[in-house]
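Inspection log for the structure reproduced underneath, given as structure tokens.
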Amino acid sequence: MKALHARYPFLSAAREAVETAGVDLSELVASDSAAVERGLERVEWAVTEGTVGEPHRRTRVELLSYPVARVLVSLVDEHILLRRYARAEAVTAYDRFSEELTATAEFQSTRTERLDRQDLLAEFDLSGHVHAVAGEDGEYRVDVGTYLEHTAGQWGDEWRLVNRPLADGQVPVDEDELLLLVRQAVRRRVEDGLPLSVPDAIATELDDETERVRDVLADLDLTRDIDTVVPDLFPPCMRHLLDKVQKGEHLEHHSRFAIAAFLTSIGMSTDEIVELFQVNPGFGEEATRYQVDHIRGETSPTEYSAPACATMQSYGDCVNKDDICEDVINESHPLNYYEHRLEEADEEELVDWRDGEEDEEDDDAG
Amino acid sequence: MEERTRAYLRGRFGDYYRRAEITPPPDANEREWGYIPWTSGPGTTMVRHKSLLDLGDIEGFLERERPRHVYFSAGRYDDPSAGSMSEKHWRTSDLVFDLDADHLPSVTLGEDSYAEMLAKCKDALLRLLDFLEDDFGFEEMTIAFSGGRGYHVHVRDPGIQELEREARREVVDYVRGMGMEFDAVIDEEAVGGEVGRKSPAHNEYLPTDGGWGRRIHERLLAEFEQIKSLDEDAAVERLQEYDGVGEKKARAAWNIAQDRFVEIERGNLSAHPVVKNFAERIAASVVEEDDAPIDEPVTTDTNRLIRLPGTLHGGSGLAVRRIDRDAVDDFDPLVDAVPDTFVGHEIAVEVTDGGLIELLGDSFTLSEGEHTVPEHVGVFLMARGRAEKGPE
Ligand code: SF4
């Protein structure tokens with residue numbers, strides 16, 4: 001087993017190596033306590049630190065701890081754990097490959113096999129979509145579909161397509177940005193297939209470890225209140241209405257009522273609502289404040305009765321309903337939709353709109 | 001709509017479909033199909049979740065059923081006829097854009113005539129195509145007149161097929177200029193110094209070769225070309241008409257236009273504060289002038305049903321027409337989307353909601369009551385609910 005595989009256990013070559021070595025997972029969890037221990041550590045660190053920790057000194061243990069960690073994550077099967085774990089694996093890999101790729105020749109270790117940029121891109125089917133700019137070191141152009149696949153909704157304003165000099169279907173990125181894109185690809189790779197279905201024998205063997213992970217999770221305060229304002233997670237109907245408001249389009253009364261009542265229900269004040277609406281220049285602030293106040297006055301002070309889906313539908317305000325509307329909330333109430341999305345989301349990645357336009361870029365982005 | 005009107009329209013739609021050649025979209029058998037029949041009653045119910053297998057071949061189906069409206073899905077599925085989206089198992093989706101006169105800020109509803117609305121919609125279509133062709137570099141596009149109040153563009157390039165909702169939203173925001181932030185658009189470049197060294201000085205540049213940056217830059221360039229062509233006093237006077245531009249700023253701008261025009265060409269915003277100042281001013285208005293106000297939900301919805309080109313729009317009697325790219329400039333929906341089948345006959349109608357109708361280059365102003373009109377006019381009025389079929 002190669003050190004390279006232990007460093008990057010999600011590579012297809014690493015997976016093959018595990019397969020060729022004929023490792024049997026149930027035997028592994030029963031007999032290799034070092035791999036199990038390190039697997040547990042990967043997951044615990046993922047939850048508490050956001051990385052998977054320092055590698056075990058033995059290559060074999062380090063490599064085999066990866067499938068163990070995946071099994072553990074699957075056994076606990078909490079959405080938030082899954083996301084955090086995948087993110088931590090990606091962050092750790094990113095730290096390692098960015099260091100390797102940027103090290104100057106003299107510091108490069110010759111002992112171990114290294115990952116070069118081409119291999120890394122090829123591993124994630126990126127080679128055909130990332131084009132080095134001739135004559136400009138560290139400058140690339142990424143095909144727009146690939147760019148969006150890995151960046152949409154991830155980071156701050158600078159990453160949004162609308163702020164990029166897109167031309168001929170390609171988005172220019174620099175070296176650092178390219179590596180962040182790869183990090184995102186790693187994360188998807190790790191997430192892929194999770195949760196695994198785990199045979200009972202293995203599950204029983206890992207009872208203690210599973211319990212431990214649950215404890216660690218429980219110690220974190222992961223509960224989210226509905227009064228967090230993340231417009232990206234609004235139900236489609238409300239996103240649509242908000243969008244119209246922000247574009248300065250005229251809304252009929254029932255629509256204005258729906259959006260204002262919804263925003264009130266998630267804990268926004270009149271001032272905040274007015275501010276959220278005010279994206280469009282030429283928007284009449286006073287008129288809106290008056291309207292919003294008025295709408296709030298129409299509802300009882302304790303309970304701002306945002307309309308249910310049935311009401312939204314009869315007014316034609318149910319626009320663009322999606323799978324969550326149909327299959328999860330059964331077209332009950334837009335607030336249920338929002339609550340569901342908040343629960344699904346990884347707390348760390350949610351930025352309350354009221355916390356301003358601060359840099360959303362991950363602190364670990366280096 | 002009365003029964004005899006409905007029966008007439010359905011019959012004539014059938015005549016149209018007997019002659020029409022309909023080219024189905026690629027991968028037609030992986031898509032969901034739907035249609036709205038000519039049923040009575042106020043509630044129109046769409047028959048959906050059909051696969052091509054359920055319908056048989058498209059042309060045969062249309063001839064038999066003679067539907068009022070016909071749709072197919074932007075998405076492709078493992079099982080297109082399954083009753084819910086999760087059971088269908090989504091594979092990929094075309095990227096679809098919908099421009100609808102109802103949603104255009106430039107359109108004044110109730111004031112603009114149908115022809116005027118459609119003309120404004122075509123302007124927006126040309127702006128949209130500019131984004132799709134130049135910025136996105138898309139190559140596999142089908143452009144269609146919707147048969148109603150606007151245009152559709154179906155993009156089928158392989159690179160976008162698998163994009164999910166969130167990524168499609170980025171595309172929408174791009175063509176609409178939503179979230180464009182001047183500070184995020186401009187680039188910083190270190191001045192002198194070696195890369196990696198601490199070099200505190202940065203120059204700010206407007207990207208000149210792509211994106212909204214290019215659009216801002218083009219206007220900046222035009223502005224400074226103007227300034228350059230004027231003599232100093234005229235320029236200073238003109239520039240002071242802008243808010244917040246005093247004599248000092250105006251002179252500075254004129255000087256740069258004369259002596260350092262190359263900096264403007266490069267997009268160098270650090271050449272002088274006045275340059276950045278002008279660029280910011282332009283950025284604030286460029287979105288309004290250049291954006292393509294598409295209907296967002298259509299583009300982000302990977303399961304959207306959309307009208308089939310070649311079929312008839314039951315609310316206008318006009319054809320949903322595929323338009324070749326070179327033909328877009330000259331396309332006139334009120335001429336080119338009138339189905340031949342309805343041309344060259346006269347019919348009697350009872351007009352219930354009169355007014356102006358412009359079709360095939362003629363305009364008619366009809367009052368309420370019985371009229372004998374060219375059939376295409378009659379069909380249009382009946383389909384729009386503005387007339388009933390008159391006695392034979
Ligand atoms: S189903 Fe409910 S939550 Fe979903 S879009 Fe319609 S009204 Fe909104």
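Quick reminder: no glycine exception, Cβ is built from N, Cα and C everywhere.
These figures come from a predicted structure and were not determined experimentally.
What TrEMBL records for this protein:
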- A:C237, A:C309, A:C318, A:C325: [4Fe-4S] cluster binding site (BINDING)
- A:228-322: domain 'DNA primase large subunit C-terminal' (DOMAIN)
- A:344-366: region 'Disordered' (REGION)
Other CB atoms within 10 A, centred on A:C325 ([4Fe-4S] cluster binding site): 22
Residues flanking the [4Fe-4S] cluster site, with Cβ no more than 8 Å from the Cβ centroid of A:C237, A:C309, A:C318, A:C325 and excluding those residues themselves: A:P235, A:P236, A:M312, A:Q313, A:D317, A:V319, A:K321, A:E331, A:P334, A:Y337
Reported mean pLDDT - the domain 'DNA primase large subunit C-terminal' (A:228-322): 76
In the chain carrying A:C309 ([4Fe-4S] cluster binding site), residues 6 or more apart in sequence that have Cβ under 8 angstroms from it: A:C318, A:C325, A:I329, A:E331, A:S332, A:H333, A:P334
Greatest C-beta neighbour count within 10 angstroms, which of the binding-site residues A:C237, A:C318: A:C237
Three-state secondary structure, which DSSP defines for A:C318 ([4Fe-4S] cluster binding site): coil
DSSP state at A:C309 ([4Fe-4S] cluster binding site), helix/strand/coil: helix
Secondary structure at A:C325 ([4Fe-4S] cluster binding site), reduced by DSSP to three states: helix
